[in-house]
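Presented below is the structure to which this report refers.
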Amino acid sequence: MSVKAKIGPSILNADLANLAAESKKLLDNGADYLHLDVMDGNFVPNLTFGHPMVKSLRNKIKTAFFETHMMVQNPEQWISPMADAGVNLYTFHIEPVDDVYKVSRLIQEAGMQVGLAIKPGTKVADLEKYISIADVVLVMTVEPGFGGQSFMADMMPKVEWLRQNYPNLDIEVDGGVGPKTIECCAKSGANMIVSGTAVVGATDQRQVIKDMRDVVQSYLK
Ligand code: DX5
Ligand code: ZN
């Protein structure tokens, strides 16, 4: 299997007034990438930040891999500014999008990788026809909108199905993932792990990140 275990902390519940410092700390402590949660108050009932903040962060952190998790009603609208802000992986929800192929193509043309996300209520079958154009598939393990929610173990059949059918696909999970739930994700076949509160709030971030990556890697061998 060629996929690798990667831990991408979500900075949603970090001190956003000190985002650069919080992000650097996470990267120094072994984070493989940063997962930046963009919410528009429309697709989800919450509001976070947009491309100006991502661009400011990029100015301070030159090399890290940035994923933006676009919890927005119209992901097409933000492709160009997010590419300009230095985003590497543009992950959007398929639910509100009419033409997933078109949005994916525009993301690629803007020089970013394509991530396709599904909410808990969306079947993996709804995503299947798009898998060939995706660099990453994100299976939400909470209802998107807020950090610190409880992990939904009943999403694991989606991950299992994806891993069985697509052994080389990057499969990401997001929501309620931490030391207590990592085994479940790893066993099911997820290899990209988003973790917010469990990492950001840990007294030993380095240890938590390493332990989770080790568990995921052990199932990929
Ligand atoms: C939820 C976000 C997640 C969330 C993860 O809408 O997409 O990235 O912040 O945070 P935890 O790990 O605390 O659930
Ligand atoms: Zn997220």
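Glycine residues also receive a Cβ, built from the backbone N, Cα and C atoms like all the rest.
Bear in mind that TrEMBL entries carry predicted annotations, made automatically and left uncurated.
Marked as substrate binding site by TrEMBL: S10, H69, G145, F146, G147, G148, G176, G196, T197. Cβ neighbour count for T197 (substrate binding site) (all protein chains, 10 Å cutoff from its Cβ): 18.
Annotated divalent metal cation binding site per TrEMBL: H35, D37, H69, D174, in sequence order. Neighbour count (other Cβ atoms within 10 Å of the Cβ, all protein chains): 27 for H69 (divalent metal cation binding site). In the three-state DSSP assignment, the secondary structure recorded for H69 (divalent metal cation binding site) is strand.
Annotation source TrEMBL lists active site, proton acceptor at D37. Cβ neighbours of D37 (divalent metal cation binding site) (same chain, under 8 Å, six or more residues apart in sequence): S10, I11, L12, T48, H69, M71, G147. In the three-state DSSP scheme, D37 (divalent metal cation binding site) falls into the strand class.
Around D174 (divalent metal cation binding site), the same-chain residues six or more apart in sequence whose CB sits under 8 Å from its CB are S10, H35, H69, A117, L138, V139, M140, T141, V142, V194, listed in sequence order. Residues or ranges marked as active site, proton donor in TrEMBL: D174.
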Looking at substrate and its recorded binding residues S10, H69, G145, F146, G147, G148, G176, G196, T197, figure out the farthest C-alpha pair and report it in angstrom, whole number. 16
I'd like the Cβ neighbour count for G147 (substrate binding site), meaning other Cβ atoms within 10 Å of its Cβ, all protein chains included. 21
Go through the binding-site residues H69, G145, G147, G176 and pull out the ones with a Cβ less than 6 angstroms from some atom of ligand 2. H69
Under 8 Å Cβ-Cβ from G145 (substrate binding site), six or more apart in the same chain: what's there? M39, V44, P45, N46, M71
Residues near the substrate site, S10, H69, G145, F146, G147, G148, G176, G196, T197 excluded, by Cβ within 8 Å of the Cβ center? L12, N13, D37, V142, Q149, D174, G175
